[in-house]
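Engineer: Mind looking over this structure? Questions follow.
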Amino acid sequence: VSNNMFENDSDAETDDIFLTDIGGQSIAPSNGTEPVTVSLPSGAILTVDPDNGDFTLDPNGSFDSLGHNESATVTFEYTISDGNGGTDSAIVTLTLTGDNEPPVAIDDSERTPQDETVSDSVIPNDTDPEGDALVVQTVEGSEGNVGNVTELPSGALVTVDATGEYTYDPNGVFDSLRTGETATETFVYTVTDGNLGTAEATVTIVIDGKDDPPVAEDDEVLPSPASDPVSNNMFENDSDAETDDIFLTDIGGQSIAPSNGTEPVTVSLPSGAILTVDPDNGDFTLDPNGSFDSLGHNESATVTFEYTISDGNGGTDSAIVTLTLTGDNEPPVAIDDSERTPQDETVSDSVIPNDTDPEGDALVVQTVEGSEGNVGNVTELPSGALVTVDATGEYTYDPNGVFDSLRTGETATETFVYTVTDGNLGTAEATVTIVIDGKDDPPVAEDDEVLPSPASDPVSNNMFE
């Protein structure tokens with residue numbers, strides 16, 4: 001034990017103080033700068049620096065018999081001097097405690113199926129030499145994990161409370177294990193005896209694999225025209241934990257024998273539609289077969305069929321495919337437009353009044369010159385002229401000075417293309433033709449201001465410049 005006996009001692013005149021007696025041993029001034037060793041009655045050995053009061057007490061084996069939670073007191077007296085005849089004495093008291101034997105933590109093991117949690121306790125086989133009660137101090141190296149869910153490197157979860165009770169959850173990490181296969185998971189915990197004694201042990205969990213059935217998920221296919229075949233894949237969102245190949249065993253109530261597993265299967269559904277399926281990869285085509293031709297625009301019908309898959313190891317699952325068939329939409333009819341304007345005047349009109357839709361759907365402009373971004377914005381045509389067409393079809397054409405070189409009697413022709421939509425995926429395109437009439441423009445005379453020159457000299461310049 002090391003400390004300093006002068007730390008709380010003082011001298012009013014701030015004289016340097018030094019030892020003159022320690023543990024009954026007088027220290028001559030000539031020894032004031034030499035370490036002093038004193039054997040105390042207890043058998044402990046005290047080493048002191050007389051100048052600064054630093055000391056070290058070596059128990060010297062005299063207190064090894066102290067048990068856990070037992071203690072002994074060691075005292076010694078010392079005298080200090082200020083070198084001017086002033087002295088004072090004080091007592092140093094040290095308490096020595098018996099050493100604590102750390103606990104002994106024994107590794108644990110447990111076993112669980114891949115899809116089941118397992119609970120147990122880590123402490124029953126752990127011991128403490130002094131019989132102290134043990135508690136869990138850390139899990140995976142962190143005190144914060146005690147009593148909380150801890151994610152292990154594998155992704156599995158473990159919860160260990162202070163009493164040692166734990167629950168291990170495979171958390172689906174080992175679902176790919178097959179029957180007969182195993183995986184091993186470990187986590188580390190530390191126990192404490194409450195007296196600074198700790199011990200670490202490892203818990204080993206063996207996870208037993210088993211074949212999981214495949215999982216068939218319901219499918220919903222995007223709406224499609226009732227007159228067209230629909231193709232998709234029913235296996236796309238299905239899965240098997242062991243990544244076994246899956247295949248069809250039943251489709252629309254029709255059992256598929258293994259011998260037919262690689263042959264396309266055709267099934268007539270109650271609606272009259274015809275379903276063709278590849279049992280190996282789940283590709284299918286539904287042919288409406290004319291059964292839904294009576295659907296009008298904005299009308300729809302739903303076709304469903306159930307299928308069953310197998311992983312080849314006895315596991316099966318079923319799901320339902322739902323398809324929505326919509327009545328065909330007739331596209332709109334867009335008629336070309338034409339307009340005429342003088343070379344220096346804008347012209348406005350609308351492109352839609354002569355466009356029609358068979359179902360009477362309201363038409364809006366979808367693109368101008370091939371771009372949706374041009375609708376409602378000024379668009380520069382290849383000639384340099386400008387056109388603005390909004391969604392309602394209203395447009396303004398501005399020659400933008402491009403045709404000012406035309407003379408009276410001359411013309412130029414400009415075109416731009418627009419697309420209308422009926423809001424039901426039907427579109428039509430038409431062209432607007434603008435005829436620009438030329439006219440003679442008067443010349444433009446601009447005022448001239450000549451730079452200053454001497455009043456006695458002739459001045460030359462050009463007024464047409």
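From the backbone N, Cα and C atoms, a Cβ is placed for every residue, glycine too.
Pasting the feature list from TrEMBL:
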type: COMPBIAS; residues: 115-124; note: compositional bias 'Polar residues'
type: COMPBIAS; residues: 344-353; note: compositional bias 'Polar residues'
type: REGION; residues: 98-130; note: region 'Disordered'
type: REGION; residues: 211-232; note: region 'Disordered'
type: REGION; residues: 328-359; note: region 'Disordered'
type: REGION; residues: 438-465; note: region 'Disordered'
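So that I understand the layout, could you describe where these features sit and how close they are to other parts?
Structural biologist: With a cut-off of 8 Å between Cβ atoms, the residues of this chain six or more beyond the compositional bias 'Polar residues' (115-124) that come close are 105, 108, 134, 136, 160, 163-170, 172, 175, 189, 191, 201, 203, 205, 210, 212.
For the compositional bias 'Polar residues' (344-353), same-chain residues at least 6 beyond its ends with a Cβ under 8 Å from one of its own Cβ atoms are 334, 337, 363, 365, 389, 392-399, 401, 404, 418, 420, 430, 432, 434, 439, 441.
For the region 'Disordered' (98-130), the residues of the chain that approach it from at least six positions outside its boundaries are 63, 66-71, 136, 160, 163-170, 172, 174-175, 177, 183, 189-193, 195-210, 212, judged by C-beta separation under 8 angstroms.
Outside the region 'Disordered' (211-232) by six or more residues, the chain places 115, 175, 178-179, 238-242, 244, 246, 283-288, 292-293, 295, 300-301, 307-311, 313-329 with a CB less than 8 A from a CB of the stretch.
Under DSSP, residues within the region 'Disordered' (328-359) fall into helix, strand and coil as 0 helix, 12 strand, 20 coil.
Residues 342-344, 403-412 of the same chain sit 6 or more residues outside the region 'Disordered' (438-465) yet have a Cβ under 8 Å from a Cβ within it.
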Engineer: Could you tell me how many residues in the compositional bias 'Polar residues' (115-124) are helical, how many are strand and how many are coil under DSSP?
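Structural biologist: Tallying H, G and I as helix, E and B as strand, the rest coil: 0 helix, 4 strand, 6 coil.
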Engineer: Quick one: DSSP breakdown of the region 'Disordered' (211-232) into helix, strand and coil?
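Structural biologist: Counting residues by DSSP class gives 0 helix, 11 strand, 11 coil.
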Engineer: When DSSP states are grouped into helix, strand and coil, how many residues of the region 'Disordered' (438-465) land in each?
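Structural biologist: Per-class counts: 0 helix, 0 strand, 28 coil.
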Engineer: So, by DSSP, how many helix, strand and coil residues make up the region 'Disordered' (98-130)?
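Structural biologist: Taking each residue of the region 'Disordered' (98-130) in turn, the totals are 0 helix, 13 strand, 20 coil.
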